[in-house]
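Written below as structure tokens is the structure these notes are about.
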Amino acid sequence: MASETTSLVKNGKSDDEENLRRLKGYQWCVRWSDGVLLRKCRLASESGILRTRPTIFASIHRILSHTKLILNIATPHIHFCRWAFMVTFGGYFMSHFSRKCYSTVKQQLEKQAGYSPLILSEMDTVFMGTYAAGNIISGKLGDTFNPTTVLAIGLFGSGICLFLINVSLWYDFLGFSVTLGNFFIIAVYFLFGFFQSTGGPVGTAVMGNWFCDKKSVENRGLIFGLWTCHQYMGDITAAVCTAIVLGIGASYWWALFIPSVCNCSWAFLTMRLIADPADMGIITPEVRIRMEKLAAKRAEEGAHVVDEGPAPITYANALRIPMVAQYAFAFGFFKLTNYVLFFWLPYFLGKHFDPVTANLIASLYSVGMMPGGIIVGYVSDLFGGRRASVIGTFMGALFVFLFIFSRKSEELTAIPLLIMLGIMGILVGGPNNIITSAVAADLASHPSVRGNNKSLGTVTGLINGCGSVTASIGLLAVGPLQAAFGWGSVWLFLMGCTFMGTVLLGSKIKDELFPAPVGYAEVEANLAV
């Protein structure tokens, strides 16, 4: 202790002057070390905290001195991280592959199988309802039971549901009885929505378990931004698969059978994934915290205490985590904006262009969404994890584009529309992708639940589920709005949604841009982590 204190004073300089000089000397470490920690240390030094407790600065000095070395060494569980990334990426890819394949053969289901447009519409409605509720339920199930088992059940269930739809097509249930055929396919799709909901919240939870070391946390936005590309790759693969099936003259039901087999096959692979690093004897920062809590409990209650793992977080406690409720409702407004553009753009453009041109222009919006998550994640990492500020900036830019649409959408030609919709895809897709992945992981890392890996699935499920419910309800307003007041009113409606979602994040944006002064207890807590 004495040597550490003495080392802070040289050549008669005061502690405060020497502390500030050394802090400036370690500015070069900012790109290797935790930027938040460095800023907090500077505040602590200027406020006199480090002057009164010099041992803190000595600890910071040691941390920063070895940061570059530490971060350049691959974590010992890097291969397991890559395996977890691949398996969960593939699982969510399969979900979208199977989900999109159904929509690509709707025309054949109507003209060849004989299902009415009303039944197909009811299938979509039933799916949206069970998918929204399933997100909330699946997240909790993933935190309560083995996450990989829940993921595998979701994939098996999705594959079996598609296979059952094929059975109804092969044996012509609709021809045998219209009531039986309609009831059967709607009932199957009702279950399909629940099985499809497991990929998002549970997959995110598994990713959060493995990518929790310091380097992964610093690059969490980029990692999850890349990971969320699974949905777009699945959608694209489904479209290509259906195009090949129909192009070679095969029966359209092959477009449903192929993803059915793929889902079941990937489920077997998913069952081999280890969801918790602790089960492999790997000590991640989260596992270390859990071990410290267990040791403290054994010291208090005795050595007989058995490690049963952290208890799953309840919905009420998840909503008590700061900003979870705000992000859940904000995501609903952002997802509603996405759904309106995704589902209604082809219809809107079809009123001004031929079908081929309209679909080509609309596709640019979907193409833009894929890099959106990567861009938002990477930029938010560059700014020290200030994701709400980056999301707010993107939403502000989107507000401007929607305003232009409200004024000029009926006059814009194909080229300006292509450019604008590509940019709007980035602006909408980025925040939507990051909120349900990196932001959810950030929220589940709150100090109140640190060391408890049974929270991320519930948090992600709440955000995604509440967002889906809000978006589903909001979609009901689009048809009446455009019929009564024209498309200008729809764009104004989306401007309102964008504004409301951003306002809900206002307090978080303020905290990120104008952080409160750091006290000694907070500095010490950060060092402990």
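If you go along the chain as it appears here, the first residue is 1 and each next one adds 1.
Cβ from N, Cα, C; glycine included.
Automated prediction, rather than curation, is the source of TrEMBL annotations.
TrEMBL tags one of the stretches 150-171, 238-259 as transmembrane segment, and that stretch is 150-171.
Sequence-remote contacts of a segment are chain residues at least 6 beyond its ends whose Cβ falls under 8 Å from one of its Cβ atoms, and for the transmembrane segment (183-212) they are 77, 80-81, 84-85, 88, 91-92, 94-95, 98-99, 115, 119, 122-123, 126-135, 137-139, 141-143, 147-148, 150-151, 153-158, 161-162, 164-165, 168, 173, 220, 223-224, 227, 273, 275-277, 284-286, 436-437, 440-441, 444-445, 453, 456-458, 460-461, 464-465. Contact between the transmembrane segment (484-505) and the transmembrane segment (388-406) is supported: at least 3 Cβ pairs lie under 8 Å, counting only residues 6 or more apart in sequence. Ranked by number of Cβ pairs under 8 Å to the transmembrane segment (412-435), the listed stretches 150-171, 327-348, 388-406 are led by 388-406.
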